[in-house]
Amino acid sequence: MDRRIFGLENEYGVTCTFRGQRRLSPDEVARYLFRRVVSWGRSSNVFLRNGARLYLDVGSHPEYATPECDNVTELVTHDKAGERILEGLLVDAERRLHEEGIAGDVYLFKNNTDSAGNSYGCHENYLVARHGEFSRLADILIPFLVTRQLLCGAGKVLQTPRGAVYCVSQRAEHIWEGVSSATTRSRPIINTRDEPHADAERYRRLHVIVGDSNMSETTMLLKVGATDLVLRMIEAGTVMRDLTLENPIRAIREVSHDITGRRKVRLASGREASALEVQREYYEKAVDFCERRGIRTGTVEQVLELWGRTLDAIEAEDLDRIGTEIDWVMKYKLIERYRAKHNMTMSHPRVAQIDLAYHDIHRRRGLYYLLEKRGQATRICNDLKIFEGKSVPPQTTRARLRGDFIRRAQEQRRDFTVDWVHLKLNDQAQRTVLCKDPFRSVDDRVEKLIAGM
């Protein structure tokens with residue numbers, strides 16, 4: 001599939017503290033956060049003018065699902081626009097709290113674990129063709145996804161009985177199955193619940209829930225871009241070496257606990273391979289595939305260059321080569337500098353604080369944004385495009401139809417209901433348009449519905 005629909009869903013951790021002590025329960029904070037949303041949307045589950053969905057997920061986690069995007073750079077921009085929307089809700093919630101005489105700071109963290117050991121996710125969505133064996137797709141993808149954390153892990157200081165260790169991935173400790181239809185109970189690598197949000201005869205939605213949430217724009221680009229290339233190879237019938245893992249769940253933890261990428265994991269064939277070797281296999285196949293097919297877009301070249309350089313840097317133990325582009329490396333360098341300066345062990349509470357503060361989405365507080373201000377975080381988006389993405393949907397996908405419909409209905413103060421595929425006016429006629437093609441950004445039926453308001 002040369003043109004693919006992508007979507008990202010990020011759940012955010014939330015807390016409110018006063019002088020270091022927890023001030024409100026997550027439920028109470030979430031209520032303040034969403035008060036503005038509920039006042040205009042009459043619900044804590046709404047679709048926005050940019051085509052995205054914003055809602056309160058299980059366990060009081062705000063969740064932002066990007067609109068459908070058909071290129072990876074635009075997807076990263078819309079994910080960042082979601083961060084900005086939530087930052088706006090955070091500032092508004094703090095103001096309301098202070099007006100009511102409740103002192104405290106509200107924090108939203110774009111991470112995947114809280115201090116109690118709970119995990120919440122970043123879910124990636126890739127549209128794939130319905131024909132073809134899904135099990136074959138999953139079999140080839142799983143070794144890639146288990147080792148992909150070397151490219152796009154968010155990094156985590158993990159407290160163990162033997163002391164604290166720095167791990168590549170936050171999510172790795174919380175994955176318990178390879179492929180399953182559950183998302184919370186057993187947490188698989190690939191979720192098989194079949195909800196295509198499109199024509200079910202033609203498409204299915206590959207739902208990957210193993211990845212970490214990313215602060216870095218370049219890490220996000222690499223995560224989705226490399227996965228897209230692997231999918232393209234599978235779809236084209238590229239012959240791949242059998243890298244099936246003997247035990248993917250054990251392997252994902254072993255890979256996460258080794259920042260050198262050299263620890264061997266057992267394959268089902270009885271052989272052993274390191275995460276670097278597995279990734280190198282996929283990377284070299286992808287380079288060859290793109291050369292043979294003449295795939296030469298700027299994004300693909302960017303993805304391949306960063307993919308190769310990341311593997312080279314880890315192999316050479318020269319992390320400075322990717323020190324402004326890969327989340328787990330950026331955070332690791334930040335922690336190591338701080339530890340060296342203050343002569344601290346990895347178990348020190350201040351180190352845990354840095355680990356968390358990296359993911360604070362408040363641009364005046366978060367450590368990732370401090371690095372960005374210092375020019376120590378490479379960017380691929382610009383702030384104007386991100387600002388635009390808060391209210392303007394992607395113009396080349398179904399999101400445009402949804403966004404335009406919502407904008408017009410709100411301007412005309414009309415009651416409406418939307419989801420990923422339906423647009424409905426709640427009037428006497430109950431006019432509804434079903435939009436099954438996510439690639440379609442122009443539709444006479446929708447134009448008519450909008451014109452009739």
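Backbone N, Cα and C define each Cβ position, glycine as well.
Copied over from Swiss-Prot:
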{"type": "BINDING", "residues": "E9, Y55, E63", "note": "Mg(2+) binding site"}
{"type": "BINDING", "residues": "R53, T66, W420", "note": "ATP binding site"}
{"type": "ACT_SITE", "residues": "D57", "note": "active site, proton acceptor"}
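When the binding-site residues E9, E63, T66, W420 are screened for a C-alpha within 10 angstroms of the C-alpha of D57 (active site, proton acceptor), the residues that qualify, in sequence order, are E63.
Neighbours of R53 (ATP binding site), defined as other CB atoms within 10 A of its CB across all chains, total 20. Here the candidates are the binding-site residues R53, T66, W420. The one whose C-alpha lies nearest to that of E9 (Mg(2+) binding site) is T66.
Separating the Cα atoms of Y55 (Mg(2+) binding site) and T66 (ATP binding site) is a whole-number distance of 12 Å. Rounded to a whole number, the C-alpha distance linking W420 (ATP binding site) with E63 (Mg(2+) binding site) is 15 angstrom. Taking the Cβ of W420 (ATP binding site) as centre and 10 Å as the limit, one finds 21 other Cβ atoms among all the protein chains shown. Between the CA atoms of R53 (ATP binding site) and E63 (Mg(2+) binding site) there is a gap of 8 Å. If you take the C-beta of E63 (Mg(2+) binding site) and look for same-chain residues 6 or more apart in sequence within under 8 angstroms, you find E9, N10, E11, Y12, L54, Y55, L56, D57. Counting Cβ atoms from all protein chains shown, E9 (Mg(2+) binding site) has 22 others lying within 10 Å of its own Cβ. The secondary structure of the residue listed as 'active site, proton acceptor', as reduced to three states from DSSP, is extended strand.
In three-state terms derived from DSSP, W420 (ATP binding site) belongs to neither a helical nor a strand segment and is classed as coil.
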